[in-house]
Amino acid sequence: MYTADEHQAWVHSILLSPVQVANNLMDMDQDPCKRLCFADGRRKVDYVLVYHYRKRSSVRGSPSQHRLSVISNGSYPLGVEGKDPEGGKDEPAEVVVDVGPPIPADGEKIMIREEFEGNLKDAGLEIERDKENKAHGHAFIRLHAPWQVLSREAEFLKIKVPTKKVRHSRDLFDCQNNLGNLWKSHRYFWPFCRYNINSKDTFFDNATRSRIVSLFCFTRESSVQLVWYNVIQLLHDEWARYGAFYKYQPVDLIRKYFGEKIGLYFAWLGVYTQLLIPASVVGIIVFFYGWATVETNIPSQEMCDEDQNFTMCPLCDRACDYWHLSTACGTARASHLFDNPATVFFAIFMSLWAVMFLEYWKRRQISLNYSWDLTGMEEEEEHPRPKYETILLQKRQRKKKNKNNKNETGHEKLTWRDRLPGYLINISSILFMFGVTCSAVFSVIIYRITISALMAMSPDPEVKSNVRGTVTATAVIINLVVILILDEIYGMVAAWLTELEIPKTETDFEERLILKAFLLKFMNAYAPIFYVAFFKGRFAGHPGEYVYVFNDYRMEECAPGGCLIELCIQLSIIMLGKQLIQNNIFEIGIPKLKKLCRTLKDKERAPKEIVEQPGRRQQWHLDYDLEPFDGLTPEYMEMIIQFGFVSLFVASFPLAPLFALLNNVIEIRLDAKKFVTELRRPEAIRAKDIGIWYNILSGLGKFSVIINAFVISFTSDFIPRLVYQYMFSETGTMHGFINHTLSYFNVSNFKPGTVPSISSLGKDITFCRYKDYREPPWSSEPYQFSKQYWSILAARLGFVILFQNLVITMSMLVAWVIPDMPKNISEQLKKEKTLLVDVFLNEEKEKLQLIQSLFSRDLTQEQQEELNVSDQTSLPLHQTQPGPHPPTSSPAPRTRPRAASFSQFTRQMSMSPQSNITQHTAV
């Protein structure tokens, strides 16, 4: 079968939109089932392929003129009518249309297409084409798989099908709830066998039929296209509506219609959304705890106390004045909402929540595998990708030209040497993208520094008072816009880099693409947050020795209340902005814009068809106009990035789970509506798990423990407060904590040109304060780190180690306590094995009895006489022996063997002369 890039260039697959089908069926007289069948109305359409005609200019009178016979399907175009030679019913006329000279590239594609269709016919598939031939436009080819092909491939793939129902007694709990029925039936599954099948037309469901046919049409865009109208209506009413947000998802119906892979995605999304509820409740409690205790928080009261009169050093050189710490009262009170003792508990809780989420999903996944009969599914061998085979073919052709390789067998494969240029480009490109991300973050830093300096030099006092809030908000919005733009760019770059690696199979391609896209988008989304959490204010220096950028601008510092409130603002705006703009608006608007652009593009480039099909368009024509399915990678990526916002920096923003929950409630219905109404129906792919996404989630869960430990230790004031209260406080309380965190600076030590030009606080200021743990100017080592700094640093590092070990130990305990497989499923699997053995032993026993009864009927009278003669010829031998002899009037009755076991029956059958009797078990 031809699998090169040319095949992928002309062949596309289409799917049927459920709602569009339902809307079009309301006013159509034709039977919906017949609309999805061949012209005979009996054979199902299992697959549809579509190819394109190119525009060719008509050159009349040319010797290479190409003529196309166009036959109308039921009408007479251009006013031409044909008559039956016998004067009966009119026959459609044949119209000859000049379409110009053929293009060589089109001729090559026609040959490839004919070869591909010939291979489909050789495989046993049946093909039906459009009766009308068009000079330009789209042509559709319908495929049907007969029973011989379906049964052959089902046996080869070992597709499991239901066996006979087995009735067994209910347990005590079921008996109490169902007193009228003490027996329940269960249907077990076994690999398909083609014998003794009665209902061949309906034995395989549409998803299985399409899955089998798709093996012959392996392209990346290939997808199934049959529609089940009852399932469609139910999915649209109960799932793909925003008004059904409070209902559980019909996961079984989703799997039945879209396949196991998409069913697992929506099941995982439902589990994730469901477990966000307890996390949201705890986050709200933590937030309200901070709001309730803000009035009694001693550090906030000291910072807002104007009587203490802490005179702070200027925030910039020359233009900025000295200022009082009490002016930052609002920042301190807001910081306490998120920086309080309950935050530590919430960080530990969310780390354990991530582990519980993964364990619960494993149990749910195993339950779905059992109910969907995926427990014994084997990995199927995948076809190589067309591009891989094309490059491999080129390599073989190059080797054939080499005289030294004439005797090679042609079993070449692509090695690391063939992929080395792609690997080098991948590494250099990823490093370059990291540099682009860091440059974007650094550019925003420069913006913050310059805007802060410009606003500080403003004569308007209101502008000066709102410098920090204005700069922070605008900088975060700029970060958000840059993140959204780079996300789209990085997605395309990741796909291009993956193609350069030349993966062999689609699974390998998808895994490599996911890793690159996640790495780039993770760096893009979290780089500004990492800067604020761990780098901002760490390298700013201190008064008299500030660090400057471009020798003019001072590095920015954290707010007086700490960097945690800025981290909270940064995280909340980026998270909410991505969810609102990228996850919702883009998902709704971009597909509609793409569809509009594609429609306008087709109208401009593709000329009108010479012969228009009368009446309404077929369903495959309507569904071809829908947006193609691009895979689940974008859907998973949105939720994985959101999971990082919820778990990594949750210590700074306890309301993150709540906003994630609200977004996911909308996201589920938005994705459902998109799959049901706006996208071509994707191919039903069987899958046992969510693949590499689980490993990414597990890695993020472990990484979140480290990040939260460092956020609590180094970004918040939790550790400095504990150290002050238990080591340096004279009363054992938090009184005096603000004075303890502020160091002294002698204003006479300012460098020339950095002293405030105009001071509204007077000229008698000798010392100003700044937030740091350094020795005072009257010390023997002025402005060096004090012993309080080293004590707090040791406590911070100790807390990181303690927090990590405690959370990891508790996580391992939770994972050990929660088993991966539910107990009822493990017991049911054991019971199934026993019942299946009993069922097949009974089947074989019945077969053995039937065979023996046939043997007894086939014994003719001649065989009985021959047996009697043989017994009589043996009498003289017995008479020669001494002693009494048994009577010889009739032979001894033959005993019927008993089917003791399946293995014994097999041995008997192998020794029997009738060994050619089939041993297949009826399903």
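Glycine too: its Cβ is placed from the backbone N, Cα and C atoms.
Annotated features, as they stand in TrEMBL:
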| type | residues | note |
| --- | --- | --- |
| DOMAIN | 37-216 | domain 'Anoctamin dimerisation' |
| DOMAIN | 254-832 | domain 'Anoctamin transmembrane' |
| REGION | 862-902 | region 'Disordered' |
| TRANSMEM | 265-291 | transmembrane segment |
| TRANSMEM | 342-361 | transmembrane segment |
| TRANSMEM | 423-451 | transmembrane segment |
| TRANSMEM | 471-497 | transmembrane segment |
| TRANSMEM | 518-535 | transmembrane segment |
| TRANSMEM | 639-662 | transmembrane segment |
| TRANSMEM | 690-714 | transmembrane segment |
| TRANSMEM | 789-818 | transmembrane segment |
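A contact between the transmembrane segment (690-714) and the transmembrane segment (471-497) is absent, since fewer than 3 of their C-beta pairs, 6 or more residues apart, lie under 8 Å. Under 8 Å from some Cβ of the transmembrane segment (265-291) lie the Cβ atoms of residues 248-249, 251, 254, 336-340, 342-343, 345-346, 349-350, 353, 356-357, 360-361, 364-365, 368, 632, 635-636, 639, 643, 646, 650, 654-658, 660-661, 664-665, 667-668, 671-672, 690, all in the same chain and six or more residues away from its ends.
Counted as Cβ pairs under 8 Å, contacts with the transmembrane segment (471-497) are highest for 423-451 among 342-361, 423-451, 518-535, 639-662, 789-818. Nonlocal intrachain contacts for the transmembrane segment (639-662), taken as residues 6+ away from its ends with a CB within less than 8 angstroms of a stretch CB, comprise 269, 272-273, 276-277, 279-280, 282-284, 286-287, 338, 343-344, 346-347, 350-351, 353-354, 518, 521-522, 525-526, 529, 533, 564, 567-568, 571-572, 574-576, 578-579, 583, 693, 696-697, 700-701, 703-704, 707-708, 711-712, 715-716. If you count C-beta pairs under 8 angstroms between the transmembrane segment (423-451) and each of 342-361, 518-535, 789-818, the highest count goes to 518-535. Taken together, the residues of the domain 'Anoctamin dimerisation' (37-216) have an average pLDDT of 62.
Listed by sequence, the residues of this chain that lie at least six past the ends of the transmembrane segment (342-361) yet keep a Cβ under 8 A from its Cβ atoms are 268, 271-272, 275, 278-279, 282-283, 285-286, 289-290, 646-647, 650-651, 654, 657, 694, 697-698, 700-701, 704-705, 708-709, 711-712, 716, 718, 803, 806-807, 810-811, 814-815, 818, 820.
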